[in-house]
């Protein structure tokens, strides 16, 4: 296969990976955790994956502790957890 063909194949595989949604079997376990604001009192708008609604929702993160189901952007949440 020519180098141009390999580059095309690599590009198509990369595009497929980006556009393929996360399936529940590939979803990290922490995506099932509830939103956890933590004990601190700073107010950071954040996002968490809600497995019941099957989407990322906004919540206020207190700035410390909490859990791994906590994302700065909705896009990051969706690419990690959303199906």
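Cβ atoms are placed via backbone N, Cα and C, with glycine included.
According to Swiss-Prot:
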type	residues	note
DISULFID	31-81	disulfide bond
DISULFID	40-64	disulfide bond
DISULFID	56-77	disulfide bond
DOMAIN	31-81	domain 'BPTI/Kunitz inhibitor'
SIGNAL	1-24	signal peptide
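On the structure: features taken from Swiss-Prot.
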residue	record	DSSP (3 states)
31	disulfide bond	helix
40	disulfide bond	coil
56	disulfide bond	strand
64	disulfide bond	coil
77	disulfide bond	helix
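By a simple count of nearby Cβ atoms, those within 10 Å, the most crowded of the disulfide-bonded residues 40, 81 is 81.
Taking CA atoms as the reference points, residue 81 (disulfide bond) and residue 40 (disulfide bond) are 25 Å apart.
In this structure, of the disulfide-bonded residues 31, 56, the smallest number of CB atoms within 10 A of the CB marks 31.
Of all the disulfide-bonded residues listed here (64, 77), the one with the fewest other CB atoms within 10 A of its own CB is 64. The shortest Cα-Cα distance from residue 56 (disulfide bond) to any of the disulfide-bonded residues (31, 40, 64) is found for 31. Mean pLDDT of the predicted structure over the domain 'BPTI/Kunitz inhibitor' (31-81): 97.
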